[in-house]
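Student: Quick one: the structure is below, questions incoming.
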Amino acid sequence: MADLKAKFLNVYSVLKSELLQDPAFEFTDISRQWVERMTDYNVPGGKLNRGLSVIDSYKLLKGEELTEEEIFLASALGWCIEWLQAYFLVLDDIMDNSHTRRGQPCWYKVPKVGMIAANDGVLLRNHIFRILKNHFKDKPYYVDLLDLFNEVEFQTASGQMLDLISSEGENDLSKFSLSLHRRIVQYKTAYYSFYLSVACALLMSGENLEDHVDVKNILVQMGIYFQVQDDYLDCFVDPKILGKIGTDIEDFKCSWLVVKALELSNEEQKKILNENYGKADPEKVAKVKALYKELDLEGEFADYESKSYEKLITSIESHPSKAVQAVLKSFLGKIYKRQK
């Protein structure tokens, strides 16, 4: 795995140097340095799970060792997903007025960057299609790749819009529901974090995505389960372990926990939620967390987790292809009972 990650990071360097020599634009030294620094700061810094999953999935679908060329192409698609993630995060952080990301200041918070970050986000988005053109233009699935990235980007941006407009305006908990939570998560997270990697691997394997709607549905369910875990960890796990400070309560987010709490609360408890949810005051946040404990949301989550796992395993095992089953089980194995 360490060897694969090293190969994957090597491909990043190749793709980056191609982008910095792109003949469609006349770079100056200053503009080239800016793009290099911006890309290095935002693209390769995460866990790289989405990108590496393309290689894993393709290998399982092919059922044998990959050639160097195949590893390179699967890595290039993996990096396109990491570039997509970087583009969303750079812009998300501006919208959310965030301060840190992956343990360092958000890009727009870096001195002399500021609102230039908005254009940098757009540039990162454009890099994806330059990479696809450079390496996949002659492939029979090139148009399908373009369609796939465009559609997933549209779904993610629409999910982000839902998330933003649901926590905007007057703090009104009555607009939160399990179906709103599910819809936000499905579009904002599940398509690009779960479906996209496998869809890339399927296209590389010569498959038609229209024949794999069942795979998409399973991965979307997995993405929803992943986000519910995220909502739970945001509140119940030590930020030192998590690597970030959870602010869902302060930010009035439509999180699974608050939706569950509303479902289980009596009138008195609902009053506590209404008075304290979405406020930055640490005492109010503590009151919400105390109510979550009182309602045994830890137990509710454990119950949700085991039921989701059972359901997913059943769906996966009913799939006719053992190779596809292996891909889906590998994804589920990475996230089941995770602690961060």
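Glycine residues also receive a Cβ, built from the backbone N, Cα and C atoms like all the rest.
The following feature annotations were taken from Swiss-Prot:
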type	residues	note
BINDING	LYS47, ARG50, GLN85, ARG102	isopentenyl diphosphate binding site
BINDING	ASP92, ASP96	Mg(2+) 2 binding site
BINDING	ASP92, ASP96	Mg(2+) 1 binding site
BINDING	ARG101, LYS188, THR189, GLN227, LYS244, LYS253	dimethylallyl diphosphate binding site
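Have a look at these and tell me how they're positioned relative to everything else.
Tutor: The number of other CB atoms found within 10 A of the CB of ARG102 (isopentenyl diphosphate binding site), across every protein chain shown, is 13.
A C-beta separation below 8 Å, combined with a sequence spacing of at least six in one chain, links ASP92 (Mg(2+) 2 binding site) to SER98, GLN160.
When secondary structure is read from DSSP and collapsed to three states, THR189 (dimethylallyl diphosphate binding site) falls in the helix class. Neighbour count (other Cβ atoms within 10 Å of the Cβ, all protein chains): 20 for THR189 (dimethylallyl diphosphate binding site).
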Student: What is the total of other Cβ atoms whose distance to the Cβ of LYS47 (isopentenyl diphosphate binding site) is within 10 Å?
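Tutor: Its Cβ has 10 other Cβ atoms within 10 Å.
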Student: Out of ARG50, ARG101, LYS188, LYS244, which of the binding-site residues is least crowded by other Cβ atoms within 10 Å?
Tutor: LYS244
Student: Taking only the Cα atoms, work out how far ARG101 (dimethylallyl diphosphate binding site) lies from LYS47 (isopentenyl diphosphate binding site), in Å, as a whole number.
Tutor: 12
Student: Sequence gap of 6 or more, Cβ distance under 8 Å: name the residues on the same chain that satisfy this around LYS253 (dimethylallyl diphosphate binding site), in order along the sequence.
Tutor: ASP163, SER167, ASP231
Student: By CA distance, which of the binding-site residues (ASP96, LYS188, THR189, GLN227, LYS244) lies nearest to ARG50 (isopentenyl diphosphate binding site)?
Tutor: THR189
